[in-house]
Amino acid sequence: MKLPRMVLIDLDGTLVDSVPDLAFCADEMNKVLGLPVRGENRARNWVGNGVERFVKRALTDSLHDEPEPALFEKALPIFMALYAENTSARSRLYPGVREGIDYLQAEGIALGCVTNKAARFTEPLLQELGIYDCFGIVVSGDTLPQKKPDPAPLRHAADFFKVPAEASLMIGDSMHDVEAARNAGFSVIAVTYGYNHGHDIREANPDAVVDSLAELPRVLED
Ligand SMILES: O=C(O)COP(=O)(O)O
Ligand SMILES: [Mg+2]
């Protein structure tokens, strides 16, 4: 793959294993609401479409069901308060993330983080894990009216760096990252270790897959 001029990296499931904190908060929320605790393995399938969808999935224990509106309205502020206090303590950078970022920076490539996570959580999480300063731009799930798989957040970052779509690469863990990249006309590399709603990310046909961001030099210099 040709070396890009800009790389945008997804957050949850790509840079950070954030499910231990997210699952903790989902379980605490459900306890307050008198609902069953779902556990970390269920929560692993629910990440990637923003906090509102995550909470709906925790309430219904399903990917697409809608909870009763009154229940959701009660639940969302409970989750927001819990996650504000439990954003990063249990979360970790995946192995290879540091090496991957170091490599991209050494190549002089512009770096952005594009996530569907709300900005109020994205910024402390990146800061507390020590990678906030690596990114020239951070586009969160509520920075714009549109979220991935809409191409708008990716285009917003490309416009910021003044890089054309042909020279732009998205790296992510979910089919929504692949779809957003395709919609924006970017290349896309997927990681195999993240959260993709229980599916193998290869089914989404990214341009390449890696088991770790430490493999980026091999893929990008081929
Ligand atoms: O669903 C979220 O809140 C965030 O997910 P993302 O970082 O993988 O876009
Ligand atoms: Mg993700």
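Here the Cβ of each residue, glycine as well, is placed from N, Cα and C on the backbone.
Residues annotated as active site, nucleophile in TrEMBL: D10. DSSP gives D10 (active site, nucleophile) a coil state; it is part of no helix or strand. For D10 (active site, nucleophile), the same-chain residues lying six or more positions away in sequence with a CB closer than 8 A to its CB are C113, V114, T115, K148, M170, I171, G172, D173, S174, D177, G194.
Sequence annotations record features per position, and here TrEMBL assigns Mg(2+) binding site to D10, D12, D173. D173 (Mg(2+) binding site) falls within neither a helix nor a strand when secondary structure is assigned with DSSP, and so counts as coil.
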